[in-house]
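Enquirer: Next up is a structure, given as C-alpha cells.
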C-alpha cells in the first residue's frame with residue numbers, strides 16, 4: 001500500500017475534530033466505524049482524505065490506567081519497514097484519545113482457520129511456519145521480544161493487494177526490549193514475573209513466572225502451529241473458578257503433556273519444540 005502524503009509522527013497541532021464535527025486524526029485521516037476492540041481501546045476504520053486510501057486507526061483513551069499505544073508506536077518505528085511489518089502513518093492526539101494510524105490489513109490466521117472449518121493441511125501450516133519464524137527472527141534482530149503469539153495477531157494483506165500472501169505481525173503492546181539500550185546486554189534472568197501473553201500459546205517457562213526471552217516466542221509459535229494441525233490443544237476448555245486457577249491448570253497440563261504426545265504424527269514439530 002502506498003504511503004499517504006500526510007506527515008508520519010507526533011501531531012503538534014493537536015487536531016481531534018474538524019469544524020464539521022467529523023472526527024479527524026491529524027490533517028489527513030478521517031475516523032470511521034468501529035471494527036474491533038481490545039485491552040488498549042478500540043480499532044476504527046479510517047480514510048486518508050488526500051489519497052482516498054483506507055487505514056486502520058487504534059484509539060487509546062488518554063486517561064488509560066496502563067497506556068501502551070505510544071510504546072507500541074515506538075516499537076513500530078524501531079522495527080522499520082521489514083517484510084510483514086505494518087506501515088505506521090501517524091501518531092497523535094484525537095480528542096480524548098491517543099491515536100495511531102496503520103496500514104489496513106486483511107483477515108487474521110484465526111479468521112482463515114474458521115473459514116477452512118478449523119482444519120489446515122500440513123503444507124499450509126508449514127508455509128505459515130516458514131513466514132512466521134522469519135518474521136520473529138526479524139523482530140528479534142531489532143532487539144525486541146514479541147510476547148503475544150496468537151492467531152488473531154497474524155494478518156495477511158488485503159485481498160487484491162501485492163502483500164495478500166504476506167503474513168503480517170501486529171499488536172506490539174506487550175513487546176519488550178530484551179537488550180538493554182544503555183548497557184547493550186541481554187536483560188537479566190528473573191523469576192516470579194506476572195504472566196504476559198495468551199495462556200493457550202505461551203511457553204511453559206512463562207507459566208512458571210520466568211523472564212521471557214527469544215526462545216519463549218519460538219515455543220509459543222510451536223504451540224500455535226500444533227493448534228492449527230490438531231484443531232485444538234490438550235489444555236483448551238479447562239474449567240476453573242478464577243482466571244489465576246485456570247492459568248495454573250493450563251500450565252500444569254502443558255508440563256504434563258509430553259512433546260511426543262502433543263506432536264503425535266508430526267515428528268518434525270516435536271523436533272522443533274525440543275530444539276527451542
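Keep in mind that glycine also has a Cβ here, set from the backbone N, Cα and C atoms.
Pasting the relevant annotations from Swiss-Prot:
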type: ACT_SITE; residues: 148; note: active site, proton acceptor
type: BINDING; residues: 35, 36, 37, 38, 39, 40, 41, 42, 43, 58; note: ATP binding site
type: COMPBIAS; residues: 12-21; note: compositional bias 'Polar residues'
type: DOMAIN; residues: 29-276; note: domain 'Protein kinase'
type: REGION; residues: 1-21; note: region 'Disordered'
Enquirer: Taking 37, 43 as the binding-site residues to compare, which has the smallest set of other Cβ atoms within 10 Å?
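Expert: Among the binding-site residues 37, 43, the lowest count of other Cβ atoms within 10 Å belongs to 37.
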Enquirer: How many other Cβ atoms sit within 10 Å of the Cβ of residue 39 (ATP binding site)?
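Expert: So the number of other Cβ atoms within 10 Å of residue 39 (ATP binding site) is 11.
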Enquirer: Compare the Cα of the residue listed as 'active site, proton acceptor' against each of the binding-site residues 35, 39, 43 and report the nearest.
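Expert: Closest by Cα: 39.
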Enquirer: Count the Cβ atoms, other than its own, that fall within 10 Å of the Cβ of residue 148 (active site, proton acceptor), considering every protein chain shown.
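Expert: Other Cβ atoms within 10 Å of residue 148 (active site, proton acceptor): 21.
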Enquirer: Within its own chain, what residues at least 6 apart in sequence put their Cβ under 8 Å from the Cβ of residue 41 (ATP binding site), listed in sequence order?
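Expert: In sequence order, the residues whose Cβ lies under 8 Å from that of residue 41 (ATP binding site) (at least 6 apart) are 58, 59, 60, 61, 64, 69, 97.
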Enquirer: Report the largest Cα to Cα distance, in Å and rounded to a whole number, among the residues 35, 36, 37, 38, 39, 40, 41, 42, 43, 58 that the record lists as binding ATP.
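Expert: Per the listed residues, the maximum Cα distance equals 14 Å.
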Enquirer: Over all shown protein chains, what is the count of other CB atoms within 10 A of the CB belonging to residue 35 (ATP binding site)?
Expert: 13
